[in-house]
Structure formats: structure tokens, C-alpha cells
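Feature annotation from TrEMBL assigns active site, proton donor to Asp81. Per TrEMBL, Zn(2+) 1 binding site is recorded for His82, His179, His210. Sequence annotations record features per position, and here TrEMBL assigns Zn(2+) 2 binding site to Asp103, Glu133. The feature dihydroxyacetone phosphate binding site is assigned by TrEMBL to Gly180, Gly211, Ser212, Ser213, Asn253, Ile254, Asp255, Thr256.
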Amino acid sequence: MIVTTAQLFKHAYGKYAVGAYNINNAEQAMGLFKGAIQSQAPFIIQISKGARKYTDKRMLEAVIRAAAEIFPDAIFAVHLDHGDEETCYDCINSGFYSSVMIDASHDPFDENVAITKRVTDAAHAKGISVEAELGMLGGVEEDIKVEEGNACLTDPAEAEKFVKLTGCDSLACAIGTSHGAFKFKGKQSLHFDVLQKIKSRLPGFPLVMHGSSSVPKDEVDRINAAGGQIAGSMGVDPNEYLPAAKLGVTKVNIDTDGRLVWTRVHREFFRDKPGDFDFRPPGKIFIEEYAKFIAGRNVLLGSANQLADLRQSLAK
Ligand SMILES: O=C(CO)COP(=O)(O)O
Ligand SMILES: O=C[C@H](O)COP(=O)(O)O
Ligand SMILES: [Zn+2]
Ligand SMILES: [Zn+2]
């Protein structure tokens, strides 16, 4: 069942965070739904602009609709990740997406407010939720390079003003994370102080954490032992997900970790079977391993075993 992110956040707020997983293909969809059902967790499927172009946005939609039929107990939102204004309108008008992210965080504050407000008005007219972004993630976000340090962390006073002016349903805040496998050079920790300040200005308002992959060391070690060359990687400590959830983070974005599962499975498979060329055996292993990963993450996020209670509260 497809629901909005606002519906998911209403149930999760202050108790747990919903995992938001990026997918690009049928194998990821199968693993994601399988893992969500194994752990009895609601989830968010994130579709990036790149994912919409990888095969075709219609292919991905068909895959997700099929997965929802194969796993009829699943409760999830379909969300556009890092959208621009034009892509947001395309998704709002699609009849498929239940949530969009407008990412105008690289524009000046007033411009970000104006764009986000336009998208929010259009989305709300169709009952669709909107995530916006304020502040810039450290390290490399999209094509923008941001220096390490506090300069680009979300300003709590600005966050309060931004939410009031735009009417958005959730806000992606920069609290020290970045996209990809190389998040921290020194201390591996979220800026809980900033999060606490944002929460006290926006009590009850759902916050979103991007760049939340944990980049497990054993995963990277296995990839490198099978021919990979990923050096100096570091992710978010997954034991910080739940403390962040208690401070209002209702959505935790995880993409890179899923790519690492894919890379580990395929590198090991073809290292050990150099004569093989059928992609289905490693594909099947990937689906199982990704499902296991998703189920494990949902336990750490606190979203595991929330499905029955969520279903009840949605029926009220
Ligand atoms: O924020 C993300 C998608 O929007 C994904 O972050 P990771 O690169 O840490 O997986
Ligand atoms: O925020 C970025 C997501 O991880 C999506 O990445 P992508 O644009 O390579 O699909
Ligand atoms: Zn951004
Ligand atoms: Zn992101």
C-alpha cells in the first residue's frame, strides 16, 4: 500500500525513523520489499533523477507496482529524491509518487523559500507530501563542493522561518553528514547539538537525515579483498540513528550502503567463479543479502515490527 511520507512520519515521530532506500532496478526492489516484510517495517522508496534515467522512469514505476503486488502487506511511500522544480511537477502529476523532495538548498534563502512554496502548493493540491532542504551537506553534495566545518550546517532559526514560510511537510537538515562513502575525516559523529536546537524551534516537525549510510568496514574490507580499491571510507555510526530519531529525525536516507552490498556480492562471486558469466546466480545472492541488510537497518532505526500498529492507526 502506497502512503504519503507525512502519514509515515505521523506514526514515527519521536519514536523511530523510517528507512528511505534508493533503488534503481528490479533486484533492489525485490531485496528492499523482502527485507521490509522480514522485519515488519514501513519504508520509503527513494527515486533519484539518475534512477529515473537509468533505464526509464516508467520501467522503475512498473517494477515497484509489481513488487507491491508480490508483497501485498508492504506499507511504503514513493518519494522523489533531490528533485528540481520541473521533476517535482512531473512526479506530482504522475499519479504514482506520494512524496517529493524539492532541493533548492543551493539557491539563496529567499529563492529556496519561493521555489519550495510553489512546489508545496502544487503537491498539497494533490495530497502529496513535500520534503525540502536547508543548509548544505558536508563533503561533496551533487556537484557542489563544501568545505568541512560548521559553516554549512542548518541554522536552527532559519529552519523555523523556512518551514513557516513554505508549509513543507519535512525538512532535510545538514547536521554533519554527506553523501557517498567518505563522510568523516576526523571525528565520526552527528551534530546532535544542532539537531536539538532545531527540534526545540520546530517541536513535532519531521526532520530528514541525508547521507546516512554507515559504510560498514567489513563490507569495504571484503570488497577490497576481492579486487576493490575503496580507501579511507567512513560512514555514520548506525547506533546514532535511534538517538537522532528521538530528536525528531523521522527519515534516514541510505543509498551508498546498498551499492556496497551489490559490489561485494558481485566482486566475490566472479572472483570465486572466474569462468561464470550468468548474472542470475549473483543476482539472486544480492537480493537475499540486500534483504538481510534492509531488515538489519530497520532494527537499528526502530522501524522493525511497527507495521501492524501503523496499519491499525492508518485505518482509524
Ligand atoms: O542521502 C542520500 C540520498 O538522498 C543517501 O546517502 P548515502 O550516500 O549516505 O547513502
Ligand atoms: O543523494 C544522492 C543519492 O544517493 C542518489 O544518487 P544518484 O543520483 O547517483 O542516483
Ligand atoms: Zn541538496
Ligand atoms: Zn540525499
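Heads up, the Cβ atoms here are built off N, Cα and C, so glycines get one too.
Feature map: TrEMBL annotations on the structure.
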residue: Asp81; record: active site, proton donor; Cβ neighbours (10 Å): 23
residue: Asp103; record: Zn(2+) 2 binding site; Cβ neighbours (10 Å): 26
residue: Glu133; record: Zn(2+) 2 binding site; Cβ neighbours (10 Å): 26
residue: His179; record: Zn(2+) 1 binding site; Cβ neighbours (10 Å): 20
residue: Gly180; record: dihydroxyacetone phosphate binding site; Cβ neighbours (10 Å): 17
residue: Ser212; record: dihydroxyacetone phosphate binding site; Cβ neighbours (10 Å): 29
residue: Ser213; record: dihydroxyacetone phosphate binding site; Cβ neighbours (10 Å): 25
residue: Asn253; record: dihydroxyacetone phosphate binding site; Cβ neighbours (10 Å): 25
residue: Ile254; record: dihydroxyacetone phosphate binding site; Cβ neighbours (10 Å): 25
residue: Asp255; record: dihydroxyacetone phosphate binding site; Cβ neighbours (10 Å): 21
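Comparing the Cα of Gly180 (dihydroxyacetone phosphate binding site) with the Cα of every entry in Asp81, Asp103, Glu133, these being the recorded positions, the smallest distance points to Asp81.
Checked against ligand 1, the binding-site residues Asp103, Ser212, Asn253, Ile254 give Ser212, Asn253, Ile254 as the ones with a Cβ under 6 Å from it, listed in sequence order. Our reading of the dihydroxyacetone phosphate binding annotation (Gly180, Gly211, Ser212, Ser213, Asn253, Ile254, Asp255, Thr256) yields a largest Cα to Cα distance of 11 angstrom. The Cβ of His210 (Zn(2+) 1 binding site) has Glu133, Leu137, Ala172, Thr177, His179, Asn253 as same-chain neighbours under 8 Å, each 6 or more residues away in sequence.
Here Ser213 (dihydroxyacetone phosphate binding site) is positioned 15 angstrom away from the residue listed as 'active site, proton donor', judged by their C-alpha atoms. The number of other Cβ atoms within 10 Å of the Cβ belonging to Thr256 (dihydroxyacetone phosphate binding site), over all protein chains shown, comes to 20.
Proximity to Asp103 (Zn(2+) 2 binding site), judged by a C-alpha distance within 10 Å, picks out His82 from the binding-site residues His82, Asp255, Thr256. Here the Cα atom of Ile254 (dihydroxyacetone phosphate binding site) is found 13 Å from that of His82 (Zn(2+) 1 binding site). Cα-Cα distance from Ser213 (dihydroxyacetone phosphate binding site) to His82 (Zn(2+) 1 binding site): 16 Å (rounded to the nearest whole number).
Close to ligand 3, meaning a Cβ under 6 Å from one of its atoms, is not one of the binding-site residues His210, Ser213, Ile254, Thr256. It is 12 Å from the Cα atom of Gly211 (dihydroxyacetone phosphate binding site) to that of His82 (Zn(2+) 1 binding site).
Taken residue by residue with DSSP, Ile254 (dihydroxyacetone phosphate binding site) is part of a strand. Taking the Cα atom of each, Ser212 (dihydroxyacetone phosphate binding site) and His82 (Zn(2+) 1 binding site) are about 15 angstrom apart.
For ligand 2, the neighbouring binding-site residues among Glu133, His179, Gly180, Gly211, Ser212, Ser213 are His179, by Cβ distance under 6 Å.
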